[in-house]
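Visitor: According to Swiss-Prot, the protein carries these features:
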type	residues	note
DISULFID	CYS21-CYS69	disulfide bond
DISULFID	CYS35-CYS84	disulfide bond
DISULFID	CYS38-CYS122	disulfide bond
DISULFID	CYS46-CYS100	disulfide bond
DISULFID	CYS50-CYS102	disulfide bond
DISULFID	CYS105-CYS112	disulfide bond
CARBOHYD	ASN25	N-linked glycosylation site
CARBOHYD	ASN42	N-linked glycosylation site
SIGNAL	1-18	signal peptide
Amino acid sequence: MKTVQFCFLFCCWKAICCNSCELTNITIAIEKEECRFCISINTTWCAGYCYTRDLVYKDPARPNIQKTCTFKEVVYETVRVPGCAHHADSLYTYPVATQCHCGKCDSDSTDCTVRGLGPSYCSFSEMKE
């Protein structure tokens, strides 16, 4: 019985005290209106949980900053989308997270809404890269 209690308390401590914000592999669909094809590429992004709390009584003198799992460092990679017309730019640049942390969401570079952009899907025929 003591082992079960210890395991329960350890799991609670782990959930409360430790953040599990880390790099994860994702697949995104890339397409351009000028091109006939859509490609799916694998990249890395940040996902997980960060310790946060929402106070019952709001103090206007003290801002309540909710922390979210977001990137600390990001690099950009470029791919060529096939099937583009000769006059069209076939290059597409996308972000790749290289380091994550729990911090304030930067709405200048990130979708900070409760419900994000939704699933990534192709409108055109898909070509695996």
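Just so it is clear, glycine is given a Cβ too, placed from its N, Cα and C backbone atoms.
Worth saying up front: this structure is predicted, and the values here are computed from it rather than measured.
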Visitor: Just to be sure I understand the packing, how many Cβ atoms besides its own are within 10 Å of the Cβ of CYS112 (disulfide bond)?
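Guide: I count 14 other Cβ atoms within 10 Å of it.
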Visitor: Select the closest residue to CYS69 (disulfide bond) from the following recorded positions, measuring between CA atoms: ASN25, CYS50, CYS84.
Guide: CYS50
Visitor: What are the sequence-distant neighbours of CYS105 (disulfide bond), meaning same chain, six or more residues apart, C-beta distance under 8 angstroms?
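Guide: In sequence order, GLN66, THR68, THR70, CYS112 meet the Cβ cut-off.
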Visitor: When the Cα of CYS122 (disulfide bond) is compared with the Cα of each of the recorded positions CYS21, ASN25, CYS35, CYS46, CYS100, which one is closest?
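Guide: Of all the candidates listed, CYS35 is nearest in space.
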Visitor: Can you tell which of the disulfide-bonded residues (CYS38, CYS102, CYS122) has the fewest other C-beta atoms within 10 angstroms of its C-beta?
Guide: CYS122
Visitor: Kindly assign CYS112 (disulfide bond) to one of the three DSSP-derived states: helix, strand or coil.
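Guide: CYS112 (disulfide bond) sits in coil per DSSP, no helix or strand.
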Visitor: What's the CA-CA gap between CYS46 (disulfide bond) and ASN25 (N-linked glycosylation site) in angstrom, rounded?
Guide: 9
Visitor: Show me the subset of CYS38, ASN42, CYS50, CYS84, CYS100, CYS102 whose Cα is within 10 Å of CYS21 (disulfide bond); these are the recorded positions I mean.
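Guide: The recorded positions close to CYS21 (disulfide bond) (Cα within 10 Å), listed in sequence order, are CYS50, CYS100, CYS102.
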